[in-house]
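Peer 1: First the structure, which I've put down as structure tokens, then a few questions once you've had a look.
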Amino acid sequence: METFVHVLDLIGTFVFAISGAVAAVNRRLDIFGTLVLSFVAGNFGGVARDLVIGAVPPAALTDGRYLLVSVLAGLITFFWYAGVDRLRSPVLLFDAAGLSLFAVAGAQKALGFGLNPVMAALLGMLTGIGGGIARDVLLAEIPQVLRSDLYAVAALTGAAVVVIGKMLDLSYGVSALAGAALCFGLRFMAIRHHWNLPVARHSPTSRAENGPEDEKTR
Amino acid sequence: METFVHVLDLIGTFVFAISGAVAAVNRRLDIFGTLVLSFVAGNFGGVARDLVIGAVPPAALTDGRYLLVSVLAGLITFFWYAGVDRLRSPVLLFDAAGLSLFAVAGAQKALGFGLNPVMAALLGMLTGIGGGIARDVLLAEIPQVLRSDLYAVAALTGAAVVVIGKMLDLSYGVSALAGAALCFGLRFMAIRHHWNLPVARHSPTSRAENGPEDEKTR
Amino acid sequence: METFVHVLDLIGTFVFAISGAVAAVNRRLDIFGTLVLSFVAGNFGGVARDLVIGAVPPAALTDGRYLLVSVLAGLITFFWYAGVDRLRSPVLLFDAAGLSLFAVAGAQKALGFGLNPVMAALLGMLTGIGGGIARDVLLAEIPQVLRSDLYAVAALTGAAVVVIGKMLDLSYGVSALAGAALCFGLRFMAIRHHWNLPVARHSPTSRAENGPEDEKTR
């Protein structure tokens with residue numbers, strides 16, 4: 001079980017690190033900046049979760065595999081970027097996969113530290129969206145996560161499935177798979193069909209600068 | 001006493017969460033992004049304080065009422081936003097009230113964790129301004145807090161009153177009220193009379209892009 | 001030895017705080033915002049390091065000298081800014097000195113907390129670049145650190161020298177001096193000769209907005 005959580009976590013780190021590296025290369029950061037963004041996008045969600053539940057030093061800093069996986073993702077993206085501009089859809093899918101894996105693994109870890117169910121689900125969501133938020137903040141952009149396409153909602157749903165599974169005494173393997181699949185499915189449908197959450201009806205519409213950038217940097 | 005601190009904290013969370021939600025709706029974030037910004041604006045100051053004094057997990061994550069109050073503020077703002085553009089002054093007042101309550105409660109909590117007086121006052125200030133800083137960073141803006149209208153100074157003054165009251169063995173209720181009133185009064189006067197702290201005399205004046213945005217998003 | 005680490009740390013805080021204050025004055029923050037940016041640029045790297053290794057409350061908050069030194073740097077910059085626009089090179093050198101001192105002191109502290117060598121070197125780097133990253137994030141800019149001139153690489157090299165020195169049982173004084181000198185030298189040469197790390201070859205070149213800003217705000 002421990003191993004299973006670990007492997008999910010490392011795969012999630014890898015795919016998120018790729019999303020960070022792609023954003024960095026798009027902004028013409030140098031190779032070191034690209035590696036830093038890989039690491040941040042891949043690990044910040046988990047580090048933030050570990051800091052607030054008091055699990056210090058965070059796993060991402062004591063277990064060298066997180067660093068290895070992040071650097072690998074950064075190097076692959078950096079040297080293999082040719083034509084990745086055409087790969088926008090695969091990157092979105094990578095991102096959705098990372099989100100699903102992190103939300104599930106994050107909720108499980110929070111439960112293991114004895115947090116109550118609601119907070120465990122929210123920390124699962126934080127684990128999933130934290131890396132993307134830190135990535136966008138470092139690039140001086142409003143985090144995509146907060147704006148579009150059921151992103152955080154999908155993460156919260158996946159994390160909630162794990163928490164509910166725990167309350168029903170289901171096997172973690174089962175609820176993790178169900179939660180990850182549901183999160184990925186929601187996100188996939190949102191991307192494909194441009195599902196969005198509503199914005200407030202009476203908000204100002206003249207700030208057009210935010211509109212056309214959607215989906216540009218993810 | 002414990003209860004009194006708690007109630008102050010929850011009211012402060014509520015009013016700050018409204019300021020976060022207003023900023024989010026102004027930037028056309030969707031409903032989930034709006035709720036996230038409500039939570040961040042309402043709780044980040046306290047979470048940052050709890051992390052540095054070692055009070056983990058932070059109260060905002062273990063006590064469900066902080067979440068409830070933040071979500072409530074976000075939903076009210078989201079669905080009740082009509083005409084809020086005309087409510088700029090009330091929002092500034094809400095913000096000033098939240099600042100006062102947080103500065104006072106934050107200083108008290110830091111004192112309780114045994115920090116020295118100067119640091120307790122500064123942590124009170126951090127509790128007060130942290131949420132607004134995180135809110136503006138997530139919106140990719142230079143934090144308003146750092147630029148205008150005696151904002152941080154008011155928070156520091158309110159926190160200092162609590163710390164001095166403690167050193168003089170005054171009742172916390174008295175010094176908290178005095179500190180909050182002084183902070184609110186300072187901020188209120190600064191808004192009304194456009195009091196500002198000086199900027200450096202020889203700094204470049206050509207960067208006009210920062211000027212006209214003042215007070216836009218708070 | 002303890003004293004030596006401390007003095008290095010305080011000098012590093014001072015020079016970084018100046019870089020934060022200069023950036024703040026350039027953006028026309030008021031005096032309080034300038035002092036906050038001084039403190040953040042001078043201390044955030046160390047605070048972040050202390051949070052992840054579990055050394056709470058961080059030294060920067062319990063030892064009043066860090067605050068004192070930061071405020072002093074902020075005040076000097078604020079009132080003594082005339083003509084500092086012509087002092088761009090000295091500021092870059094200050095920044096390089098701070099980077100060197102922090103990378104070395106940060107790696108040493110991480111080793112003292114029992115982290116493994118690779119992570120100790122990376123935490124040394126984080127200590128060095130964390131303040132500059134936080135400074136730029138608060139100013140809503142992409143951190144300079146991630147973009148140019150061997151910045152993070154120089155910090156990592158300096159930190160690595162300390163870690164390797166520890167593994168070879170060298171005196172800390174010797175390896176700290178060697179590490180700091182190497183870091184400073186690398187950074188100095190990078191500034192002088194415009195050494196840069198490569199960017200990905202196939203990345204889009206049309207985003208010209210990032211180009212001409214280089215070196216503007218540091």
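The backbone N, Cα and C atoms fix where each Cβ goes, and this holds for glycine too.
Please treat TrEMBL annotations as automatic predictions, because they have not gone through curation.
These numbers come from a predicted model, not from an experiment.
Taken from TrEMBL, the feature domain 'Glycine transporter' covers C:7-81, C:93-164. Residues or ranges marked as transmembrane segment in TrEMBL: C:6-25, C:32-52, C:64-84, C:117-138, C:150-168, C:174-191.
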Peer 1: Should anything in the same chain at least six residues away from the transmembrane segment (C:117-138) have a Cβ under 8 Å from its Cβ atoms, list it; otherwise answer none.
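Peer 2: Here the qualifying positions are 16, 19-20, 23, 37, 40-49, 52-53, 95, 98-100, 102-111, 144-146, 151-152, 155-156, 158-160, 162-164, 166-167, 183, 217-218.
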Peer 1: What is the average pLDDT across the domain 'Glycine transporter' (C:93-164)?
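Peer 2: PLDDT averaged over the stretch: 89.
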Peer 1: Which sequence-distant residues neighbour the transmembrane segment (C:174-191)? Criterion: at least 6 residues beyond either end, Cβ under 8 Å.
Peer 2: 4, 8, 92-93, 96-97, 99-101, 103-105, 107-108, 128, 149-151, 153-155, 157-162, 164-166
Peer 1: Count the residues of the domain 'Glycine transporter' (C:7-81) that DSSP assigns to helix (H, G, I), to strand (E, B) and to coil, and report the three numbers in that order.
Peer 2: 63 helix, 1 strand, 11 coil
Peer 1: By Cβ distance under 8 Å, which residues at least 6 away from the ends of the transmembrane segment (C:6-25) in the same chain are close to it?
Peer 2: 33-43, 45-46, 59-60, 65-66, 69-70, 72-74, 76-78, 81, 84, 91, 94-95, 97-98, 100-102, 104-105, 131-132, 135-136, 139, 176, 180, 217-218
Peer 1: So how many of the residues in the domain 'Glycine transporter' (C:93-164) end up helix, strand or coil by DSSP?
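Peer 2: The breakdown for the domain 'Glycine transporter' (C:93-164) reads 59 helix, 0 strand, 13 coil.
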